[in-house]
Structures are given as structure tokens and as C-alpha cells.
Amino acid sequence: MTAQPDVATADADRRGTPPFRYTAALASDIEARWQDRWEAEQTFSTPNPEGPLSDGETLDPAEKYYLMDMFPYPSGAGLHVGHPLGFIGTDVLGRFMRMTGRTVLHTMGFDAFGLPAEQYAVQTGTHPRATTEANIERYRAQIRRLGLAHDKRRSVSTTDIEFYRWTQWIFLQIHGSWFDTEIGRARPIAELEAEFAAGTRSLPDGRAWSELTRPEQDRTLDGYRLAYLDDAPVNWCPALGTVLSNEEVTADGRSERGNFPVFRRQLRQWMMRITAYADRLADDLDGVDWPDSVKSMQRNWIGRSQGASVRFRESVSGQDIEVFTTRPDTLFGATYLVLAPEHPLVDAIVPSAWPSPGGEAALDGRWTGGADSPTAAIAGYRSVVASRSDLERQEARDKTGVFTGAWAVNPVNGEELPVFVADYVLMGYGTGAIMAVPGQDQRDWDFASVFGLPIRRTVQPPEDFDGEAYVGAGAAINSANSEISLNGLGVDEAKAAIIGWLAGRGDGEAVVQYKLRDWLFSRQRYWGEPFPVAYAADGESDGGPSIPRALPESDLPVLLPDVDEYAPKTFAPDDRDSAPESPLARATEWTSFSEDLASDPERAWARYVRETNTMPQWAGSCWYHLRYLDPTNTERFVDPDVERFWLGPRPEVFGPDDPGGVDLYVGGVEHAVLHLLYARFWQKVLFDLGYVSASEPFRRLFNQGYIQAWAYTDSRGVYVPAEEVVEEPGGGFTWNGEPVSREYGKMGKSLRNVVTPDEMCATYGADTFRLYEMSTGPMEASRPWSTRDVVGSQRFLQRVWRLMVDENNGSLRVADAGEPSQETLRLLHRTIDGVRADFPAMHYNTAAAKLIELANHLTKTYPEGGLHRSVAEPLVLMLSPLCPHLAEELWSMLGHPQSLAYAPFPVADEALLVEESVEYPIQVNGKVRSRITVPASASEDEVRAAALAEEKVVELLEGAEPRKVIVVPGRLVNIVK
RNA sequence: GCCCCCGUAGUCCAACCGGCAGAGACAGCGGAUUCAAAAUCCGUCCAGUGUGGGUUCGAAUCCCACCGGGGGCACCA
């Protein structure tokens, strides 16, 4: 095969370049042909060990490699040059792995449910499916143009009916399970029901199972399920018309998408009991090969803290106030209690009148807020708190609060402590109540200062300590009663001692708290997976809240109905009292149906109404790594043997605690908490239920960097097209002669700095674009895009092409006879040795540099052509992961009819890596003063002798004996005078 | 405020376990080619590693402090 002259000649006529130069036109021609051929020959179809995707060959599990990118959301804007960075990186690795004998599974699907298509539907009436599928087609074309070696048979979209059918099925499994805290894993809910029925497990209220009515039984079981309905405080976003998960709300209380206000509201919503897995999600991070930053973000989000629960008895009402503290060792320093304003116990303990002045000192005006009664004070304070947004509450760190009029007894010393409400205590964490120890907690110190409360140190600060609250380590002081003394103990010892004492009296116990909340799993949207759930149309027989009934598997998939109006009802962004209304609720034909639900024999062929919420966008991405493995399976979401082959633990390679999972998962760090935490949770449920063998979805995670870009604004602050901006010789930038200012950030339409891979492929070809992206830095580094630098990669590929192909007639310039020089051979093998290490480490920038170095050497060595085949072929093979089309073309021209995709990657000849002689720099007192060249075989003593005999060294030593001579073999000699 | 990551030529980046600061690319400069230009090719200049200490025979690399940039968390008891 030779290059196609027609394209090249046309190019030559126009540009005056040789007809067979490696130009964008020639590259595009080569690339299109190889992309067609790979597709026609199914070059990158990866066999399964069995099933429909098997090719009948036996696969060696030791050689499998499952490589995955975080799949994209197919937006209407298409890809810009930043998006494919990770995709190309994984492709290079996959291609290298294939050439070293690995069976590589690599494909790409689409995370295709989501808001933009729905919002577009709201504006235009276009069905979200139409928009989504058009966008996916666009993405597929863009990705194909890059020459990525994907198994296209395995590509799935979360919106495919055959995909979301199994998303619904997994939901049913989660709904049909409960978490057995005794063994720390999920079990089928039927086993719990059987234990209740048999009496082997007692009900929380002590009644017998048979005494319960059917609705009572169902509600009891629902209280255990991993997917459950709850009237819980949720994040309600009126502007979006939907509720959001905690993870989707920013720290300043707004929606991550759209930045709208979010309000806390009590609403009945689907929840996932991810908190049951808090410990395993935290502990199992030790067993995965992930970046420390992501692990720490997840640990932080789970927020496990060890502490104690302590009960303080309220003096008048006799109510126990339970507080959570991580510092039970400071209990003797507690001088007041604080309840969150929303704490349910507040109303129970508030007396009708302020405590009589006879018994107490006259109440401080700061305590009462000037109110006549505690009830009025609390009502007043609550309304102030409620009127403040989360953001205001967060910004104003001044401590506010009010005395409840109640007093509670400290169990360690019988002291009566005043009980306050204050908004610095959050209802959502711990018990919503704290014991305040101003001496050891700065927040309590601040509050105590405002309200004139006593401060007592119970940990001895260092002598030079001049701060307020002391939170460091130290010996306990002022901490003793008639039964126990903590004085002199360190913090940890004191904690253990006091917890033991409290537990013995029944006043407290050790407790673990988590910041992690259950996952809010329903959204009031159209474009999402419908829940496979329905409710009795005529309500429950006991008149209680509706009981959700899982639909049988035979009802799956529950298809999204067509609707006239895609939008949920939205409201003014600050309309906190509005209530969600899902678009599916209006599809009355769809919502109402009759069925014989086996789960409820009393209601055969009753009328039901469907759940009208849909699942959040995260659902599909929780398990797509499983569907890639077995995308055509109609019986199961994944075949167990196929799953075990690709994802199963491999203790022989990764150690006895290997959880299994995808061998390498590459994506941006923005998914550190949301997607990765949810996917781990689903994986663990499926693992517990025995459907998968891997207890973690992603054994190794790698965060690629981002490609960012310069953007320019004119004097009015308006963005100007970045590609038209010119850099002035004296510094500064102008657009149409006007000075503009430069800023650095994301690539985006609004910043007018988007560069697309399509443009780059048209101007330079896909191989040049790939090489450029890979050579500008290591995979993990973020870096700026610079179109003008791309030409460097193209020049290199032109040199490689010119080394092997005559630019004037397209003929091969490679010599079959003769031998390359020793120098060339040594460089070749050094290059092989280097890139063999660089590719698997994803150091593509240094691999490219080594290949460029080799090509530059060869260009000088063979100015008239005649490059030896024994050098040309390894060079082509080494280049192929980065620039597969060009490499395939050259490989073919070199006489190989087969694709090089599975050709063996060159192996370095060790003998050629050893130099015959070594040049040693000689340092005197750490400064290089001279050099010697000795045979590589020289011993350390011989090197030392040669160094000391060197002319300049003798001169510098002036006859003195050196104090020390350090010889670093192969490196240098350092002489200390 | 706390935690994590990163600071090397004009720019993007190399430098393995502490051992000659430079592999590669862009830009710049000089040259070849050209009527000229573009394209291409050849050659070449450029920093002592953010700052200050310390350890060491020797520090970009290890330790401490500070400065700058990026990210995460944040009234979580």
C-alpha cells in the first residue's frame, strides 16, 4: 500500500509543497481509511470469556485489563479540545497494553439523562430523547475522528431502554434489601420478614409479628429497606422545581446547577440508606489505589467521628437531654447546654415563666432576649433564625441564642447547668444538642463571652499558651468527683475512663457519629428513570400514608410515558413555601393502572398509581461499568462469570485484601464525592446480595488534569474571540488593534475561547492533535491550550514520515540491507527501554520526547534516506499508541498486511543499554571541576584512582591528601578537600 | 480558620532512590530554500530551580518557616 497521491497532489498544487508530504490532507486521508478498516475488521472488539461476545477462545484472566473513562454527558455544544484529554490518554495506554499481550476492554458510553435536554425540551417542545440521541451521534462522530480503540459493541447510554430497565431492576434489589447491622451487610428483606414471623428477631416495640395488621407489617419492613420513603428535611429548589441531594447543594446553600436558592423543607421523598454503609465506605478506601486527595474528600464527606453520648436530666420536666461530644474527657468543664432551635425537646422543657428570682440571681437581660416568658423568648428567637437564609446564618458568626428557662444536671458533679437554644448548634448533626465546654472549645468560648457564662479549664494548657479555648493535648485538671478522677490523665486516657464511668451508671456511652446523610434519590423531573413502584389508588386500609409497592420484575422496563409538558412546575427562586410537582404526575393515562401485585394478595387486580418522581442523574453512572461487560444480556444485568473475569478480586496480584474492580478508571476530580461515593454504595449492595464478586467498583482511580484556556476582554469587559487576539512584541495583547486584558480559566462559549477537536483534526489531522495533547505535560497536570504550539507535533510526524517515505514520489525509503551504526542501535534501545516504562506510567510527554529525540537523530544520520528496517519498524511500533493511524500506514507500507494493533511492542536488548565507557564529572567540594572518561567496567577503586590522577584535580589538591573521596558508580566522583 | 496539591528558561514541560539543572515542544535570534512569502529544513540564545533557614561531601529533590497559585472542607460538637 502507498499513500494516496490524489489528495496529496491537490494539496501540493495549492501550497507548492512536495506531493507526498505528511500534511493535514494526507493525514486525514490516512486516518479515514484506517478508521474504516478498524471498524470493518472489528479490530478492537474485545472477547468475553463466554456468552454472546465470546469468540470461543480461552482467555487468560491474568492478562485482562479493564480500562474505563468517566463517560460524558452528551451536551449540545459537542466536545472541545479539553474533553478528549483523558479519552486519548486511556486510548494510548490501552493500545500499549494490547501490544504487550493484554486483553484490553475499553469502550465509551453516555450519561444521557439530565437537565439540559429536558430544559431544551421545555423551551422547544422537542422530545428529550430526540435531542439526546442527536447529541450522542455528534459525540460518536467526534470520538471516532480521534481514532480511539473502543469496542463499539459495548457502548451503552443510560437512556437506552435496555439499560434503564436494569437500573430499575437494581433499584428493586436495593428496595428489596435491608442492612443487617449485626453482620454489617445487606440481606434480602424477605429474610427479615421471616425472622420477624418466626420470632427469631423481635420487633422494636416488642409486639408479635402476627399481631400487626398488614399495613403495619409493611410499614415496619419499609423502616428497614435500603430504599425508603421518608418525610425528611430535604433541599427544595423552587427555581428548578425539584429537590436536590446534599451533595448537589453548595456550601453557601445554593444549587450546584444554576446557583439558585435552596430551602430546607419537610417533604416525602425517596431516600437511599447509604449511611448504613458509612463505615465500609470509609474503611474500604484503604484497599483501593486512588489519589489521596479523593480519598480524603470522601473520608471528609463521610465525616466519621468517635465520641460519646451523654445524658443530662432536666431538673423540672425530668426529660433526658442527650448530647453528642467528641471530648467526653472535658465533661467537668461543661458550664451550659445548647439545643438546636429546631430540637423537639425544646417545647417539652420550656417552663411557662422565667425561674423565680428568689431561687436564682436576677436573670441577665442577655439571656432572656428581653422577653416576658421563656416561651416568648424562644418563639422570638426561632422566628429570627428561620428568617435567615443558610448563607446569612453561615456568614454571621456572631453567637446568638436565648435561655430556655430550663436547667439540667451534669452527671459527673450534680451541677445545674442552664440550657440555651442557639443556632450554632445544628439539628442535622449528632443529637442536635451539645454540652458547652468554653475552656476547650472556641465556639463555646465565644458564646460564653457573649452571655456571661462561666469558663472552666479542664485541660492544662502549656505555659506559653495565651489563646482563649485550649483545644490541644494536655493533662486533665479540675476533673474529679468522689468516684472518679481524671486529673493528670492525657486526653485519650481520660476519654476512655469517663466513658467507662458514664456507661456504668447508664448516663452515657461511646458513640460514633457521621456527617454523611442518607441519599435523597427522587427528583421532580421528566428526563430520568421512572421508579418501578406504585401505590394503592384508594389508599391504605388503616388510613395511614401510602405504602410503596415494588412492581414485579416482569413489569420491567417501566417506560417513560410521552407527556405534553416536560417541565416540573417551577416557582420564583425565593418561594420557599412552594411544593414540588413532577411532570409525570400529569400523564394520567400512564400513572393509573390495575395489576395483581404478588406482594399483596389481598389486593389482587386493584387500582394503583405510579410513582411520578424519577431517579437522579447519578443512578445510571452507579453501575455502567457492569453493563459494559455484558451489554447484550437480556436475562441479567451482567453474567456472573463475565463479571468475575473482568472485575473479580485478584489476590495473587494485588494482595489478600484486593476488592477487585475496574483496573483503571480515569476522569476529572470533580466527581470525587458524588458519583464515586454513590457508585461504591451500589456496588457494595450488589456485592452483599451476591450479584457481583467485586466489593469496590474501581480498583484504581486516576484524575487527569484539565485543559484550560486564555480568554480576553476588551475595555468594556466584553469577551472577544480569543483566536483573533494577537500578542504584541513588547508584551500585552490586542484585538483589532485595541488592547485587551487576558484571563485564564475554562474553555467555554461565553468566554469565546472554544477550540474544537474537529478544527484541530481538519488543520493538522487526528494523530497530530493526539500527540500534541499527550506531549504538553503529564496526564495529571492541568495546562493551557495553545493552538500555535500544535505545529511542533506536526513537524515531528512529518520528519518521521520523511524518514521512511519519499515526499516527491511516495516510495518507501527504508533499506533492508546493511546494519545501523552502534550509536544508532544504542539510542534505539535506550528509547525502547525508556518508552516501555513511560507508557504504563502514563508519562506520555516524556515518551513522546524520547521518540522525537530518536527521530531527530535518525534525520541527521540518514539525510539521503536508507533508514534501516531494523530501526524503522520499532520506531513505528513505539509511535503507534500515540499516533495509531500514521503508524498503521507506515507499518502497512513496510509490508505488513495485518494491523499493528496486536503486534508485539519492541523489547530493549539489555546488552545495548550498557555503555562501553562512562564519563564521570569530578567535583571538588561539590563543584564540578573536571571530567574523566573510564571504561564502563572500571571498578570503584579504578575510578577513584583515575579521578585523583587527573591533572586539574592534582592542581587543586596542591599535594594535600583529600579528606574524603565519594564515588557514585556511573554518576560522579566528589572529592572533599 | 483547617486539610491536600503545586511553584524549574519568555511559555508548556524533563531531570529515576539526594549525584553534571535540560529530554522534548513553542516563541525569539541567525542561516538554507524562494523572485518574494508561506511551508519546510539546519543552527543557536535563554534559568541555577518562589523566598529564607537547616540536614548532607553533595539538595530542584529531604526537613522547618514564609510567600504565591490551585483545590477541598468549614459553627460537624
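Cβ atoms here come from the backbone N, Cα and C positions, even for glycine.
Just so you know, TrEMBL annotations never went through curation; they're auto-generated.
Among the ranges A:201-205, A:386-390, A:746-750, the stretch that TrEMBL annotates as motif ''KMSKS' region' is A:746-750. TrEMBL lists region 'Disordered' at one of the ranges A:538-566, A:567-595, namely A:567-595. In the predicted model, the domain 'Methionyl/Leucyl tRNA synthetase' (A:71-174) has a mean pLDDT of 94.
When the motif ''KMSKS' region' (A:746-750) is classified with DSSP, helix, strand and coil residues number 2 helix, 0 strand, 3 coil. Taking Cβ-Cβ distances under 8 Å and a sequence gap of 6 or more within the same chain, the neighbours of A:Lys749 (ATP binding site) are A:Ala77.
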